[in-house]
Amino acid sequence: MMAELSREARAGSNGRQGLLRWGLVGLLLLPLALGGYPLYLATEAALLGLAAVALSLLLGHGGVPSLGQAAFLGLGAYTVGLALKAGLPLGLALLLAPLAAALLALLTGLLVFRTHGIFILMLTLAFGQMVYSAAHKWTGLTGGDDGLSLSGLSIHPVLLHLVAVGVLLAAVGGLRALLQTPYGKTLEAIRQNEEKIRSLGVPTFYYKLSLYLLTAALTGLAGSGLALHRSFISPHDLFWLTSATLMVMVLLGGSRGLWGAVFGAMLYTFVQAWVSSFTDLWGLFVGSLLVLTVLFAREGLWPLLERRLGGGRAGAEG
Amino acid sequence: MLLLLLTQLLNSLAFAMLLFLLALGLSLIFGVARVVNLAHGAFYLLGAYLGLALGASLGSFWLALVLVPLLVGLLGVLVERFLLRGLHGRELEQVLITIGLGFILADLLRAFFGAAIRSVPPPAELAGPLFLGSFIYPKYPLFVLAMGVLLFLLVRLLLARTPFGVQVRAVTADPGMASTLGIQPARVSLLTFGIGTALAGLGGVVGAPMIALAPGLDAQMTLFALIVVVIGGLGRIEGAFWGAILVGLVDGFGRLFLPQLAMFLIFALMALVLALKPEGLLGRRMA
């Protein structure tokens with residue numbers, strides 16, 4: 001944490017850090033020139049990146065370890081899918097998706113934030129699985145195991161990609177700005193010592209709940225994007241493996257600063273595409289990655305990169 | 001109708017005892033090692049498949065019932081020693097390790113035993129029904145029921161009366177104070193983790209004849225165990241026991257009367273408990 005703060009303070013190396021970030025954006029945009037499967041993967045990475053950025057804000061800055069993000073992702077996807085099936089215009093459907101996710105976050109958050117610490121993780125997991133079983137069992141609405149197909153719709157892949165990257169960058173920029181506001185500073189303080197902040201008279205419950213709503217809405221938006229992108233929604237994407245996958249992305253990249261989550265999502269998406277070409281042991285892959293990340297890259301890879309390439313302190317991580 | 005209700009009551013209670021085995025291990029481990037073991041369902045599934053394999057190759061359910069918990073417990077000890085020990089005090093990291101481990105185990109089991117649904121017959125001694133006048137009921141769930149209740153009483157006695165039980169309670173209450181009294185929390189943690197995972201493995205062997213084995217069962221059992229400890233209160237075996245019975249009854253009668261909504265009744269129960277008593281029905285208030 002201290003390393004993070006001192007790094008933020010050293011304004012001198014900001015130029016090279018900026019370069020690193022532009023490099024990341026460049027990598028996201030490069031597949032536009034290639035088209036086809038690379039473009040498909042890049043859009044996937046950008047949309048999952050949005051969900052990872054939301055989790056990164058929640059976990060790394062709000063201190064809320066949510067393991068139920070797949071529910072928001074899935075709810076966003078199903079909302080857009082069902083709204084389009086019902087004949088609503090695309091714009092309205094895309095508006096409804098984050099709202100539905102935020103509503104679920106409100107209902108569960110009111111209960112979840114009555115507890116603390118690791119219980120939050122258990123409860124978000126439990127409520128996430130509740131939504132999964134709903135999607136699985138409510139076959140009349142969701143199609144159950146067969147999933148929901150959005151075949152009638154065609155959005156040009158280039159347009160979808162540009163929008164996805166645009167939304168992702170806007171989210172990173174906007175949320176980083178939010179962290180500089182008194183609201184953001186208070187969240188940071190709550191993460192570090194909630195007891196102390198509450199005794200100062202700050203209603204920490206509502207800070208955490210509002211952050212939960214915000215990140216749920218963003219995750220719902222990411223989910224709606226994924227539904228349009230894949231033009232298929234499967235209930236299995238709501239399983240907690242997806243929540244753990246988002247966790248892997250965030251931890252792989254580094255849970256603080258939000259750029260790490262973007263990097264983690266890209267890295268994961270491409271590694272996963274490569275790995276899935278020779279194995280279908282999905283859980284083994286995600287699980288091993290999770291264990292290895294926690295054991296060996298606790299701070300995440302992005303801060304490491306920033307230190308190595310972003311100037312200064314290269315020797316700190318020998 | 002009355003007989004149907006009685007049948008369902010016994011079914012629910014037998015299932016509740018399985019949940020108790022899981023929740024007991026989860027609760028003991030959390031109390032002592034402060035780790036929420038989200039690989040618990042995977043240890044259950046490992047126990048179940050090992051029981052299936054050993055039972056078939058040794059030809060004895062009873063031998064498997066003894067051997068499998070030992071094997072699963074040994075794996076648990078190794079996990080605690082080599083993966084979790086180094087992360088002591090870092091709750092989130094430890095939980096993430098157990099999640100990863102759960103996925104790895106479950107996927108390896110699927111790769112090894114296949115994705116087909118396997119139903120395991122009960123041992124010959126406990127196969128078939130019991131006739132009590134006009135009431136006919138299979139023997140096996142009754143065995144599970146009796147075992148669960150006995151285990152509950154036994155563990156309570158062990159925790160209250162034996163030196164190791166006292167150490168477990170001391171470390172659960174205050175690890176720092178316990179270590180000043182000459183107890184080694186690390187050793188107690190290691191053993192408790194082994195015992196907790198062994199209980200999950202035992203649950204797997206015992207549960208296999210009741211619940212058919214299939215991929216995905218691990219996540220379901222982890223979820224059930226979590227809900228039980230959230231409802232009953234984490235860190236107390238009474239919480240695990242009564243929580244399991246409550247969840248078992250709601251699940252069983254939910255399936256009977258509202259089959260579509262059974263799972264949601266359990267979540268509704270959990271939500272209700274959280275709203276009224278966030279520390280669980282029998283839990284102590286957490287900071």
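Placed from the backbone N, Cα and C atoms, the Cβ positions cover glycine too.
As annotated by TrEMBL, transmembrane segment applies to B:12-31, B:38-56, B:62-83, B:95-120, B:140-159, B:190-211, B:223-249, B:256-276.
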Practice problem: Please indicate, using numbers and ranges, the residues of the same chain that are 6 or more beyond the transmembrane segment (B:38-56) and have a C-beta under 8 Å from a C-beta there. | Solution: 22, 25-26, 63-65, 67-69, 71-72, 75-76, 79, 95, 98-99, 101-103, 105-106, 109, 112-113, 118, 120, 196-197, 200-205, 207-208, 213, 217-223, 225-226
Practice problem: Take a look at B:12-31, B:62-83, B:95-120, B:190-211 and tell me which one has the most Cβ pairs under 8 Å to the transmembrane segment (B:140-159). | Solution: B:12-31
Practice problem: Would you confirm whether the transmembrane segment (B:223-249) and the transmembrane segment (B:12-31) meet the contact rule of 3 or more C-beta pairs below 8 angstroms, pairs 6 or more apart in sequence? | Solution: yes
